[in-house]
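Residues or ranges marked as domain 'CBS' in TrEMBL: B:142-203, B:206-264. Annotation comment: TrEMBL describes B:290-308, B:314-341, B:362-385, B:391-415, B:427-450 as transmembrane segment.
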There are 2 protein chains.
Amino acid sequence: MVELNESTRDEYMDYIIKAAMKNDIEQFRHLFLELHPADQADVFLHLEELERKRVYEFLSPEEFAEIFEGLEVDEQKNIALELNDHYAAEVFNNMYADDVADFLSELQQENVSDILKAMDDEDADDVRELLAYEEETAGAIMTKEFISIKAYDTVGDVIELLRQEGPDAETIYYLYVVDEKERLAGVTSIRDLITSISTEKIENIMSTRVVSVHEKTDQEEVAQLIQKYDFLAAPVVDDDNTLLGIVTVDDVLDVIEEEATEDLGEITAARGSTDVTLTSFQAAKKRAPWIIMLMFFGLVTAEVIGRFEETLETVVLLAAFIPMIMGSAGNTGTQSLAVSVRALATGSLEKRGLWKTIIREFSTGLMIGVMSGAVIALLLAIFYGDPLLGGIVGVSIVLSLGMASVIGTTIPLVINKLKLDPAIASGPFITTLNDLISLMIYFTVATSLIQYL
Amino acid sequence: MVELNESTRDEYMDYIIKAAMKNDIEQFRHLFLELHPADQADVFLHLEELERKRVYEFLSPEEFAEIFEGLEVDEQKNIALELNDHYAAEVFNNMYADDVADFLSELQQENVSDILKAMDDEDADDVRELLAYEEETAGAIMTKEFISIKAYDTVGDVIELLRQEGPDAETIYYLYVVDEKERLAGVTSIRDLITSISTEKIENIMSTRVVSVHEKTDQEEVAQLIQKYDFLAAPVVDDDNTLLGIVTVDDVLDVIEEEATEDLGEITAARGSTDVTLTSFQAAKKRAPWIIMLMFFGLVTAEVIGRFEETLETVVLLAAFIPMIMGSAGNTGTQSLAVSVRALATGSLEKRGLWKTIIREFSTGLMIGVMSGAVIALLLAIFYGDPLLGGIVGVSIVLSLGMASVIGTTIPLVINKLKLDPAIASGPFITTLNDLISLMIYFTVATSLIQYL
């Protein structure tokens, strides 16, 4: 297998393109198929339309299926339009059912039906089953291509089965044992197989207590489970413990990546738009509503400041510290938010308890507030020669930071507990809320002390 | 194997503790060892000191090593103090070298030497080798417990070898082939082995083009590679292509988690303090410096506002829109930051190019600016009956958002390119910078138009 990197790819691609354009099918197949499918997909994406057409001619649907699986859904959509119907159907038949389902879940309903009708019945049924699951559940990300064996099989039987079916299964490292009703009864591994004699019965080497996940379990929980136990796969079962499929560790890698992107998107109100393949306009369309919505909150803040216009007119200098106080509250709240989001993502919250976390964050916020409040009060007293102004700003910072840390911690946790839309817990919303509260604290403190200024 | 969850754990633990306190070693071992090591660690962490002492009595160092591997480094430090020297050394001998190295890298130098001296020479050498690597490189996270075979071995030889050494190796699914100088020459998998006859030579079934990583490769790149190719492991080599170790997919899961935490910590200036196990004071100590440093930037902002005191005194209402303009610029910049950080983390930037990304973000920022600027100008014209004020705020928003998106995108990319401390690219720093720039834009626009207000 040839490994490509940025520097070697271009040269290698030249050879491939030349072979394609000279219609040298043998040379093309030799060069192209020596690449790992992930690199084939990489090269393929760099081809022009005319060159891509040659790929469809020179590669069988089965060979092209591996490339197609390696593309992003947006890329798949464009490429699918270039394939003739029969070729496309064969490509889908040769893909893993979960990959087909991922692709179809992004299409219009009518296109989905057409594609499913063109596919082989058995393959189409698997895909339909996966499509029926709610997104981001174990059922939606599981693969149907797994090997199940029976407790009365011998090691020799199973090895023979692996010889035949191994190439089609997504993983052969764990072998799940089912009873006559397809209920999960045990698990064994290829490690156990090769250390046993071939006449040994599976029931004697299998472990009967299998860690499994329910079909409706959230994908993040599945990822945490696989990570906790260092598994390479986990079986997915229904209420009756019937084995429905397996989630493999490479799917979990994608889930963790996806959840990290989601978390970041939420914290930055850039949900669904951190993908660099979007055009400017697509990205702006997704992001502008957030910015405009947050701007309306900003108008509320403007309203609050307007109410204190009298105070401001008396001491215009007070305006100068608005950004600093708001900024500090915002930053502290965001730090607390990060703690909550990570705690939720890694499952460490359950280990530790909700209240303990909130109280810890509140004390942390207060401590940070006291430290920074003291520093700023001192600075203002010395450099502006105005200890009272220093006091006003300092006290406001202590109170604001204490509040901000509680808000930053609790909102995401409460949202999560109540199963509300987590977007409300996004960083900018929390920051905007903290802005508002810190401003009110600041002006209230200032107004009540202004007579002494 | 018994699987534990929050509800079953307490009851099961009661039985275990009762057995321990009744000195019923047999019952204790039966209950405890039936758990998966990850759950053993979970139960163990819930025990009191007296109960933990029984665990050390009842379990062999080899058995306890599996529990110790499952603990966080902070927990390991406390537990290590409870073990007698001989038991501890045996525990370390029985742990994977990479786990020992992870633990030792957090200790004082003198303690490290003592522990290494107490360990078996061969095991200690492996650990020393790993400790010599810079943190977060392939060398630092690789495992030394892998199986290497020779090209002239037969399939039967290798299966025999796996029977003997399989239990000690971290993974047996990929088998790396080395030449007489231990240089990586090929790879085969257990899948290939079982589908071949036992007299077949490895050289006939192995693939000679192996994807490997250099010992000094950054762990994030290793994770991307394993993810791209859906590998279960990747071999680590030195300049001479000598096989040094392997990185397994479960290590990669941890790396991705770790990098996501790091990214989030950077964006929120909560680096190294998102861990919920820290005490309030520890967290405050880590986070306060950031908040205080950012507060100093806030003072610069105060200074800028101070310079425009005259403008502000003329139209105090201008102060009311400071938070909104700053907030919008901050939010837009943070969105762009999220795009950059994700692009760096997933490697999609290389695929796409630096300039294309920056230009796309700039146009996105401008578009968002035009949309939100228009909305706000209209609102202010209608509700405040002041089209000029609307114009000032609207124009300031367009300019500020365009700038903010460029700054949010480029700073992390430039920092990354120049290999500077990425902390400078953290969200709050970028937001503070954007605050300052948007304020200057706002007051410059306002001052130049104030005569018409």
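Glycine is no exception: its Cβ is also placed from the backbone N, Cα and C atoms.
Note: TrEMBL annotation is automatic and uncurated.
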Long-range environment of the transmembrane segment (B:391-415) - Cβ separation under 8 angstroms, sequence gap at least 6 = 321, 324-325, 328-330, 332-337, 339-341, 344, 349, 354, 357-358, 361-362, 364-366, 368-370, 372-374, 376-377, 380, 421-422, 424-425, 429-430, 433-434, 437-438, 441-442, 445-446, 449
Ask   = In the same chain, which residue numbers or ranges, 6 or more beyond the ends of the transmembrane segment (B:314-341), come under 8 angstroms Cβ to Cβ?
value = 263, 266-267, 305, 349, 357, 361, 364-365, 368-369, 372, 376, 389, 393, 396-397, 400-401, 403-413, 425, 427, 430-431, 434-435, 437-439, 442-443, 446, 450, 453
Ask   = Mean pLDDT over the domain 'CBS' (B:142-203): what is the value?
value = 88
Inquiry  = Cβ under 8 Å, sequence separation of at least 6 from the ends of the transmembrane segment (B:362-385): give me the contacting residues as numbers and ranges.
reply    = 324, 328, 332, 336, 391, 393-406, 409
Note = Residue counts for the domain 'CBS' (B:142-203) under DSSP, helix then strand then coil, are 21 helix, 17 strand, 24 coil
Remark   = DSSP puts the residues of the domain 'CBS' (B:206-264) at 27 helix, 16 strand, 16 coil
